[in-house]
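For reference, Swiss-Prot has these:
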COMPBIAS  1-18  compositional bias 'Basic and acidic residues'
REGION    1-37  region 'Disordered'
MOD_RES   Ser12  phosphoserine
MOD_RES   Ser16  phosphoserine
TRANSMEM  113-133  transmembrane segment
TRANSMEM  138-158  transmembrane segment
TRANSMEM  214-234  transmembrane segment
TRANSMEM  237-257  transmembrane segment
TRANSMEM  379-399  transmembrane segment
TRANSMEM  415-435  transmembrane segment
TRANSMEM  453-473  transmembrane segment
TRANSMEM  519-539  transmembrane segment
Amino acid sequence: MSLKNEEQNDLSPKDSVKGNDQYRAPSGIHLEREEESRNDFWQFEPSNLFRHPRIHLEPQEKSDNNFKKFVIKKLEKSCQCSSTKAKNTIFGFLPVLQWLPKYDLKKNILGDVMSGLIVGILLVPQSIAYSLLAGQEPIYGLYTSFFASLIYFILGTSRHISVGIFGILCLMIGEVVDRELYIAGYDAVHAASNESSLVNQMPDKTCDRSCYAIIVGSTVTFVAGVYQVAMGFFQVGFVSVYLSDALLGGFVTGASFTILTSQVKYLLGLSLPRSAGVGSLITTWIHVFRNIHKTNICDLITSLLCLLVLLPTKELNERFKSKLKAPIPVELFVVVAATLASHFGKLNEKYGTSIAGHIPTGFMPPEAPDWNLIPRVAIDAIAIAIIGFAITVSLSEMFAKKHGYTVKANQEMYAIGFCNIIPSFFHCFTTSAALAKTLVKESTGCQTQVSGVMTALVLLLVLLVIAPLFFSLQKSVLGVITIVNLRGALCKFKDLPQMWRISRMDTVIWFVTMLSSALISTEIGLLTGVCFSMFCVILRTQKPKASLLGLVEDSEVFESMSAYKNLQAKSGIKIFRFVAPLYYVNKEYFKSVLYKKTLNPVLVKAAQRKAAKRKIKRETVTPSGIQDEVSVQLSHDPLEFHTIVIDCSAIQFLDTAGIHTLKEVRRDYEAIGIQVLLAQCNPSVRTPGRGEYCKKDEENLLFYSVYEAMTFAEDSQNQKETYVPNGPNFSSD
């Protein structure tokens, strides 16, 4: 054994004199000079008596953070004019130019063609059905899916996501469309009573109701696309981090109830005004039950038959998706069968069923959005833009991670933004990625974005040739297709027990967002969910977990004594961990929980002062014959510990209030003879702490590990016990 090891063993706690591991307050302290009872622990400099040398790190030189220089440097980099710079800019904005020349035809073409055809077949009935949800004619849903698939092929970086119509966005578009139709006077029920107030708001009479509806829808889509491109340009994609999985899940489920409610009138064949605004779900159900006696029996029977076919087949597709090479396109079969039955059975003429009506072929001339509508729909477009890009970016990143490639979040925002801006000139409404169709696309062998071109070709065939054949298709069939596609969101309730076990807070966020989205409105529900989530984040840091730590045997690791067994508590030392940032919100909680788990220095100090007042007075006669009063302070009971080590590893940052709190805690404890050490401080805590918490010559109060702080506390206590004499100290005035 080396001499160094022998010295360390000689000074180990096991061999120390009894009582050296606990702090015992000096018994003799002058009453009138209580401030001298404070122990300047920082004065115990490292010496050869300490077992472990202190760690000293030299910080990196701080870079020049001059904002003006930073902006100039960025502008110089962005404004460089060269062929390489121009090429990189173009290739970065149009990713298709990068990957298409490298396309492996033999390896990828079969999977891309198969997946594109299947998704296209599924999109035909869904596009027609979701058009009703958006308050549009069926042809506009086909336009939307066609242009979105084609544009994302050019601008997108994800190989697997399917961009097209999404039910939640269609619902939000439909609510804006209904409101603007009512304001413009197209609602015959309310037009007469509001005639005087609508004189200046009526659109050109050459534009009928469906024409004005798509003008409103395309205008909202244009504004939402501009927002998304702006977010990509200014790189504010961080907004999506406030939309947690629990929040998005609750929002989608709540909005699904609203979608389901809006489709009930089609299932029953009722002609009802579409409710919008706060409480629309409840209002719609009231209208349904008031008019239930007007149910069209033919539509009801058709709806039930379609449900009996669609639901079991969808379940079979889900259960046997690993064995099926492609999902059964049951929706297309149902649409074809229902159209044939309606046409040859003359259901519209005989029973008055509601049908899709004329669907034109080809494309309409492009038309600019209504610029006068933009101020009225600008606020509505914000929520639509955020939901659209959040879902698109999250899905693209999820599938990229699954298949081992990378996507550019900002480019995805550009892509989805232009998937809305460009189609808005071609009578389209808002699009985004959709999970259900993306899963189908992936499972059927999709390899690259070429799959989107095949989907667009299928839709183009329908637009040019097949669309008029859906004239006799009942709207009840489209309503059933919409409702059946909501089953994934509505089945989220079965995941709640597992979510509750994992995180109760996330479950509460899910419920609050779901209920507010369903019972109030989709926009207010989203806002409520975001605000409540942020409140929960603050709540988690306001009263975070805090615990005393113990040493794991035969290691230098410390863990919570309330969570693990067989941990060693070091005599005379309390190690405290606070699992949250220390800032103005939780500074009082930090003090209260620290005092509760150790001791309250304010109360101890008060007790010491109270005991000090009980002093022994005795009169003595000096040699000069003058009486003098000598005060003697009674020795206090020794405290259980002499050091508190605060583990700062989980404290991400400090604000001014947090620094003042640490200074106050240190001052209070040192007033009763207990030193406070900080350990495992990250740079964001250590840098402000070094300047505010302690002076320059007190930097040895900050440690890089809890174990280092513990050994310093033991050694400094041993050194102090060596130099501080025991026994009462009588001081006379």
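Any Cβ shown, glycine's included, is placed from N, Cα and C.
Residues 156-161, 163, 166, 168-169, 172-173, 175-176, 220, 223-225, 227-228, 231, 237, 239-240, 243, 248, 251, 407, 409, 412-413, 415-417, 420, 430-433, 435, 438, 442, 522-523, 526-527 of the same chain, all 6+ positions outside the transmembrane segment (379-399), place their C-beta atoms under 8 angstroms from a C-beta of that stretch. Looking at which of 237-257, 415-435, 453-473 has the most CB pairs under 8 Å to the transmembrane segment (113-133), the answer is the stretch 453-473. Listed stretches 138-158, 214-234, 237-257, 415-435, 519-539 were compared with the transmembrane segment (453-473); the greatest number of C-beta pairs under 8 angstroms is found for 138-158.
Counted over residue pairs 6 or more apart, the CB atoms of the transmembrane segment (519-539) and the transmembrane segment (214-234) come under 8 Å in fewer than three pairs, which marks the two as apart. Same-chain residues lying 6 or more positions outside the transmembrane segment (138-158) and placing a CB less than 8 Å from one of its CB atoms are 93-96, 123-124, 127-132, 164-165, 214, 217, 356, 359-360, 363, 395-396, 399-400, 407-408, 411-412, 414-416, 418-419, 422-423, 426-429, 431, 433, 449-450, 452-453, 455-456, 459-460, 462-463, 467, 470.
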